[in-house]
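K.L.:
Per Swiss-Prot, Zn(2+) binding site is recorded for His121, His125, His131, and the stated evidence type is sequence analysis.
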Amino acid sequence: MKRAFERMSMAIAIRNQQKKVKIDLRQIRRRVQKLLRLVDCREKEISLLFVDDEEIQEINQRYLGRNYPTNVISFSLSEGEFSSVNPDVLGDIVISVDTASRDAERGNIPVSDELDFLIIHGLLHILGYNHENNNPEETACMQKKEQELFFLLHGYPLDF
C-alpha cells in the first residue's frame with residue numbers, strides 16, 4: 001500500500017511578467033520538475049520569474065549593484081542567515097527573456113533551449129556552483145554539470 005507522504009510533489013512557482021515572447025509555462029514546469037529530480041531536490045520548492053531587460057536591470061542594480069541587464073539572476077534561500085527559516089525552499093531564479101532571446105538568436109538555437117539552459121544555470125548557482133570567482137576548476141565543474149543536465153533534459157547536447 002502506498003503512503004500519501006511518499007508522493008510529495010515539489011512546489012514550483014512560475015510567473016511571466018514580460019509580454020514580448022510567448023513562453024510555454026507548462027513545458028517549463030515539467031522541465032523544472034525533471035531538473036529537481038535529477039539534482040535530488042524532488043521535494044524542494046523553487047520560483048521562476050520571467051521578466052524583460054528593464055526589470056532585470058532594476059533587480060541587478062538593487063541587489064547586486066550592477067546597473068545593466070543580464071540573462072539570469074539567482075537568489076539562494078538554502079544558504080546564509082535565512083537558510084534555516086524553511087529548508088525546503090531552494091530560492092528564486094529571475095530570467096530576462098529579452099536577453100535570452102538575443103542570446104538564442106546569436107547562438108542560432110531555439111529560445112526554449114536558451115531558457116532551459118538559464119534555468120539550469122540559475123539552479124546550479126542556488127545549489128552552490130560558481131563560475132564568478134576566477135577559479136577555473138569550479139567554472140569547468142559548473143559548465144560540465146550544465147551540459148550534463150541539459151543533455152539529460154533534452155537527449156541532445158547544447159552547443160553554444
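Positions of Cβ are set from backbone N, Cα and C atoms, glycine also.
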K.L.:
Name the residues of the same chain, 6+ apart in sequence, whose Cβ is under 8 Å from the Cβ of His121 (Zn(2+) binding site)?
P.N.:
Val72, Glu146
K.L.:
Which has the fewest other CB atoms in a 10 Å radius around its CB: His125, His131, the listed binding-site residues?
P.N.:
His131
K.L.:
Other than His121, His125, His131, which residues of the same chain sit close to Zn(2+)? List them in sequence order, counting a residue when its Cβ is within 8 Å of the Cβ centroid of the site.
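P.N.:
Not counting the recorded site residues, we get Val72, Ser74, Gly122, Leu124, Tyr129, Asn130, Glu132, Met142, Glu146.
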